[in-house]
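*Asks:* Pulled these features from TrEMBL for this protein:
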- B:21-43: transmembrane segment (TRANSMEM)
- B:23-252: domain 'ABC transmembrane type-2' (DOMAIN)
- B:55-80: transmembrane segment (TRANSMEM)
- B:110-129: transmembrane segment (TRANSMEM)
- B:135-158: transmembrane segment (TRANSMEM)
- B:170-188: transmembrane segment (TRANSMEM)
- B:226-245: transmembrane segment (TRANSMEM)
Amino acid sequence: MSVITARQLARTFSTKRGRERSEVIAVAGVDLDVDEGEIVGFLGPNGAGKTTTLRMLTTLLKPTSGSAQVAGFDVATQASEVRRNIGYVSQSGSTSGDARAGEEVVDHGLLYGIPRAQAERRGRELFEQLELDGMWERAPKTLSGGQRRRLDIAMGLVHDPTLVFLDEPTTGLDPQARANLWMHISDLRQRLGSTVFLTTHYLDEADALCDRILVIDHGSIVASGTPEALKREVSGDLIELTVGSADDVAAARRVLSALGDTTIDQLVISVRTPTAGRELPGLIRALDAEGVVPEAVEVRRPTLDDVFLNLTGRSLREGA
Amino acid sequence: MRFWNETFVVWRRQMRMNLRNPAWVIIGLTQPILYLALFGPLLEPLAAQIGADNAYTFFVPGLLVQLGLFGALFAGFGLISEWRDGVIEAERVTPASRTALLLGRVLRDVVLLAVQGIVLIAIGFLFGLRGSIGGMLFGLLLVILLGAACSAGSNALALTVKSEDVMAPILNSISLPVLLLAGILLPISARSGAPDWLIIASDFIPVKYVVNAVREVFTGVFASSAVLWGSVWTVVLFAAGLYVGTRTFRKENA
Ligand SMILES: Nc1ncnc2c1ncn2[C@@H]1O[C@H](COP(=O)(O)OP(=O)(O)OP(=O)(O)O)[C@@H](O)[C@H]1O
Ligand SMILES: [Mg+2]
């Protein structure tokens, strides 16, 4: 069953620059369908429209046009039913620096209408799971950036939502905290059957965590599919051959051309092939026959970065 | 029921934050006390001329209105920093009533104002304030309603402009003329020697009627047209403030 459906969802902002008014198209007609229990990654460079889309789906921002149903309710006309059924962790924090971490979490739960004892118990549980033990009484401004990020996440999850929107949940987390959060998110689905919709810049994150990825660029979705399927669209593995001297480049290229179109970057010659593993022994023999001694041979499986490059002509890493 | 629960949660959170950092509450109270100590003595010889038996029974009501007006008008600044911290958005993504999010904050200002007002009246007694206790309580009630209106308006303005730099000039350009024209410090009347044009200008400031009413009830006079008009204006301002406030908080894109 589909828990998020969006049709031609769009949002423009008008901004004033001096006297001139200009329109910024933040989201330009997005169609989405997310099924119950799915973990979906929303991937795109800075300014692609991820946060704007999330804020529309969580009723914080009215769409300029288009429609969306979240948890079975319309975001425009049934906002409070939508709110009752979701959790949201914003990109930019959600606590007052001078408050107390635990109180912020409990109060947030109370605004969802859960009983005080439950909010308190769940809050303390989350503090433990997110490695915030001992920080219950601390003022958020005294927490480190990554600890504050985890506090935001605890707040968003305190009422055990079955549909969660996470806007760059792992930004600012160290690798271990990141892995811990991934585990926690998978666990959320296992325990409650929750649906998770998260945005990220990190390809490895989307790859490791998500059942399905939507790639957004300039306000439009440019691709969608499982990480595997998206990678398959980039035709095959990349073989990168490094030779010792410029004299060998031409010969090496001749050999590699048998597999496909080659690209040359100084001493590195590369080619894409669907089945690198099978080609490799023959390749080495052929190089040997030509008298070329490879310095290094590397086989790279396609990454989501390659997918992005393929789709948009730009590398994600340049933007992120 | 649910609505009041939500209001209570918001209010308690606000109170906690205020009590943890009471500097502003104390500064808000110090100001009228300074007026009382440093400006009050100047009024004593003028009391008869402006038509008062007791300079402090005349002056304390003005300070009380000033307290209600300015303490609450500047309450919106707190909301801007909360908005910057993401607190407002975090509250707005919950199913809590938008009106509860406003009302919790307005009630915080009401409680602070009630405490400050009682302290001010008590200190007024030390200076020589005398009058009807019932009247003082009624006067305090009027001031609290006025303060609630200002607090709601200020929070609504803050949520609309979301910037101290825009908010501060707007508030200053409202508050100074109101302070002077409402006769908070010195009454504007023929008796105090005000020119006609100034009297006419002051007639357009609703707060003036509130000040007049509070002054009357402090002396124990309830059945007068000044008290009636002052009460009517207080209720009108209260209703208008809450209306504008709830409307702004309910707006989808705020
Ligand atoms: N309130 C606003 N007023 C004007 N323009 C806005 C506003 N909010 C967002 N935008 C613009 O809309 C576009 C999309 O912004 P959005 O925040 O959705 O990007 P994002 O994909 O979340 O980026 P990031 O990875 O940096 O978080 C950007 O060009 C941004 O400048
Ligand atoms: Mg964003």
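A Cβ is built for glycine as well, from the same backbone N, Cα and C atoms used for every other residue.
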*Asks:* Which residues, given as numbers and ranges, are at least 6 beyond the ends of the transmembrane segment (B:55-80) yet have a Cβ under 8 Å from it?
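*Replies:* Same-chain contacts beyond the ends: 28-29, 31-32, 35-36, 39-40, 43-44, 46-47, 88, 105, 109, 112-113, 116-117, 120-121, 124, 127-131, 139-140, 143-144, 146-151, 153-159, 162-164, 167, 171, 174-175, 178-179, 182-185, 207, 210-211, 214-215, 218-219.
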*Asks:* Under an 8 Å Cβ to Cβ limit, what residues of the same chain, 6 or more beyond the ends of the transmembrane segment (B:21-43), are close to it?
*Replies:* 50, 55-56, 58-60, 63-64, 66-67, 70-71, 112, 115-116, 119-120, 123-124, 127, 185-186
*Asks:* Near the transmembrane segment (B:110-129), which same-chain residues lie under 8 Å Cβ to Cβ, leaving out any that are not at least 6 residues past its ends?
*Replies:* 15, 18, 25, 28-29, 32-33, 36-37, 40, 54-57, 60, 63-64, 67-68, 71-72, 136, 140, 143-144, 147-148, 151
